[in-house]
Amino acid sequence: MTADSCNPCLTLENTIDVQEVPMTKSVVLADPRGFCAGVDRAILTVQTILKAAEASGKRTREDGLPPVYVRRQIVHNKHVVEDLAGQGAVFVQELAEIPDAAAQAGIPVVFSAHGVSPVVKAEAERRGMHVVDATCPLVGKVHREVLRFVREGYEIVYIGHKGHDEAVGVVGESPEHVHLIEHESDVDSLDFAPDTKLVLLSQTTLSVDETADTIAALKAKFPWIQEPPSSDICYATSNRQAAVKLVAQQSDCVVIVGSANSSNSVRLMEVAQEGLGERGKAYRVDDASELDPAWFEGLESVGISSGASVPDELVSGVIDALQNLGFTGMKSVETIKENMHFVLPAELRRKK
């Protein structure tokens, strides 16, 4: 990222203190794991607005309006959403749920890290809403690529999960020119003339491994299809999956902490299962309360990682639960140190 994209106030350091202890039963902890820079930025965006409202005495307003509205889950983790809601943020599915009085009062409306389509932005502008856009800069890059390629006359094949907030926003940039596919088998449904300018883009939370077969099928059917100069795959997606692969090799089972609607958390579980093979099973839990002690009977080592939207305290809770089950040893598997940071949205920086 450029120097302007760096903010020393945002850190991605994991907070769990790992001291390797050689014990019979142990936890194998993936590093990196948890919050990525885009998630950190999105959460801090809402927290900054809440703190400003608190400081100005506007957290509880006489008109009954909240200090901030957030369209959709700011990140795909229910604990993060519940925590921010407890501080006063109001989450809505659509802008129509926000009263006109809120727009007139200048109540901030935050767009989530996953991005939104031009239709949503146009509605917010029409209603005079004070928008703070917390779209992850890496997602924003894909939006800009769509617009550029459409201007240059391309048809765009976009690999993503149908219905995922990120995919909905990207496709919405130009629905008539962006063709969403999910799997290798979907390539058969595409039909382009040989003189069609084609380019391939993908959802940031997919991995290189996950898209490899689909990309190969696309290139086999449309040999002239182009790829952008740099990958759309998020660094955090690649890093977390690489760490989980190594953790799975050293574990009898793997627990991924993350919500069911988190694309990267679900994929981490799949990557872990692929790494385990027939030796063991991978599980996904929102928090320690969903652990089943029966999963760990007869095991010597349990691997742990978490999705990019997961606070480290939830991982700590899982570790504590496993320690109570006798997994008192601790080993960390580090594949890379992350130092990516994103500044707050421009709407908040202008206020400083």
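Each residue, glycine too, has its Cβ placed from N, Cα and C.
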Record says C36, C136 bind [4Fe-4S] cluster. Source is Swiss-Prot. Which of C234, C253 does it list for that same site?
C234
List nothing but the one residue from H114, H164 whose Cβ has the fewest other Cβ atoms within 10 Å; the candidates are the binding-site residues.
H164
Taking every protein chain shown into account, which of the binding-site residues C36, C136, C234 has the largest tally of Cβ atoms within 10 Å of its Cβ?
C36
Rounded distance in angstrom between the Cα atoms of N264 (dimethylallyl diphosphate binding site) and T204 ((2E)-4-hydroxy-3-methylbut-2-enyl diphosphate binding site):
9
In the structure shown, with every protein chain counted, which of the binding-site residues S263, S309 has the densest set of Cβ atoms within 10 angstroms of its Cβ?
S309
Provide, as an integer number of angstrom, the distance between the C-alpha atoms of S263 (dimethylallyl diphosphate binding site) and T204 ((2E)-4-hydroxy-3-methylbut-2-enyl diphosphate binding site).
10
If you measure from the Cα of C136 ([4Fe-4S] cluster binding site), which of the recorded positions H76, H114, H164, E166, T204 is the nearest?
H114
